[in-house]
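Colleague: Handing you a structure now.
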C-alpha cells in the first residue's frame, strides 16, 4: 500500500484529495455490497456513530500531525520515533485494555526494535527534527487512536464490514470541508489524467479498502501493542525494499539494523489478558447459607434456655428452611 501510494502521489501530487477518493471509494463499495446482500454492513445508529466519532477524530488528527512532522523531519526520523510507541502502548494495554505487562523477553524485543531503528538512522540516514511540538501532538493522537480504536472494536458489537463503513464514511465529510482550504484544486487542474494514472489511482482505492478491512480484523485479534509493532514492521520492510530497488549506496550496517528491527518484532510475544476473578455461584450460595446458619445459633441457644430442649427442637423442626440450613 505504501509503495502504491508513493506512485499515486507522484502522478497526482494532491495527497488530501487522493485520501478523500480512497475513503469515498471504500465507503461506497462497502455500502453497495451491503445493499446487494453480498456482505453484512451495520446501518447508521446513534450509539455506534457516537463511539466511532472519536475513532475518526483520532484517525484524522494522527494523519494531520503525521503530515506536519514529515514537513519538518525526514521519513527515517519519523520511523525512529514511531518505533518507540510500543513501549508506551504496552503500558496503555495494561492500564486500560486489560492486558498483563509484557514478559522480560517482550520488553527486550521492544527495546531492541527501538535500538535497531536508531542504529539505522545513525548509520545510513539523516536524522532531522525541528518541530518537537508537532511530534508531541502526533504522539498524543497516535496513542489515543490506537488505544481507543481497540476499545471500540472490543466493546461495540458490529460486523467487520460495518466498522470499515463507519470508519471511512464518517472520516469523509471533515476531509471534504478541509479540501478547499488546502488549495489542491490548482494542482488537480494541472494533472494530465492518462489511463495508467487512473489505473494506479483505482488500484490504490481497492488496496485501501482491503487494508481497512484487514486492519480492523487485526485490531480485533491482537493487542494494541502488537498491532502497532506489525505496522512498524510493514514500514521497515518497505524501507528495505526501497533500499534494494532505489538506494544503490545503502551500507551493510544500515541493512543489518533494519533486519534487527524485523527480528525483534518477530520474537515479540503478545502480553496475555489479565485473568478475571469470578466467584463460583455454588460457592457463594454455600457461603451465604453458612453465614445465615451461624448468625442463627445465638437465637437457638436463647430459645433453648427459656423453653427447654423440646422447645428448641420444635423450633428447628417447625421451620423447613432452618432445618434445611442445619442439614
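Each residue, glycine too, has its Cβ placed from N, Cα and C.
Checked TrEMBL, it gives:
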TRANSMEM  20-39  transmembrane segment
TRANSMEM  51-73  transmembrane segment
TRANSMEM  79-97  transmembrane segment
TRANSMEM  104-123  transmembrane segment
TRANSMEM  129-149  transmembrane segment
TRANSMEM  161-179  transmembrane segment
TRANSMEM  199-218  transmembrane segment
TRANSMEM  225-245  transmembrane segment
TRANSMEM  251-268  transmembrane segment
REGION    296-327  region 'Disordered'
COMPBIAS  306-316  compositional bias 'Gly residues'
Colleague: Same chain, outside the transmembrane segment (161-179) by at least 6, Cβ under 8 Å from its Cβ: which residues?
Modeller: 16-17, 19-20, 23-24, 26-27, 30-31, 33-34, 39-42, 44, 48-49, 52-53, 55-56, 59-60, 153, 185, 209, 212-213, 216
Colleague: Do we see three or more Cβ pairs under 8 Å linking the transmembrane segment (199-218) and the transmembrane segment (20-39), pairs being at least 6 apart in sequence?
Modeller: yes
Colleague: Look at every Cβ pair spanning the transmembrane segment (129-149) and the transmembrane segment (51-73), keep those 6 or more apart in sequence, and say whether at least 3 of them are under 8 Å.
Modeller: yes
Colleague: Under a Cβ pair cut-off of under 8 Å, which of the recorded stretches 20-39, 51-73, 79-97, 104-123, 225-245 contacts the transmembrane segment (251-268) most often?
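Modeller: Counting Cβ pairs under 8 Å, the winner is 104-123.
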Colleague: For the transmembrane segment (79-97) against the transmembrane segment (225-245), do we get 3 or more Cβ-Cβ pairs below 8 Å once near-sequence pairs (under 6 apart) are dropped?
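Modeller: Judged by the Cβ rule, the two regions touch, with the required three close pairs present.
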Colleague: Go through the chain and flag residues at least 6 beyond the ends of the transmembrane segment (51-73) whose CB is under 8 A from any CB in it; none is fine as an answer.
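Modeller: For the transmembrane segment (51-73), the far contacts come to 15, 19, 128-131, 134-135, 137-138, 141-142, 144-145, 148-149, 152, 156, 163, 166-167, 170-171, 174-175.
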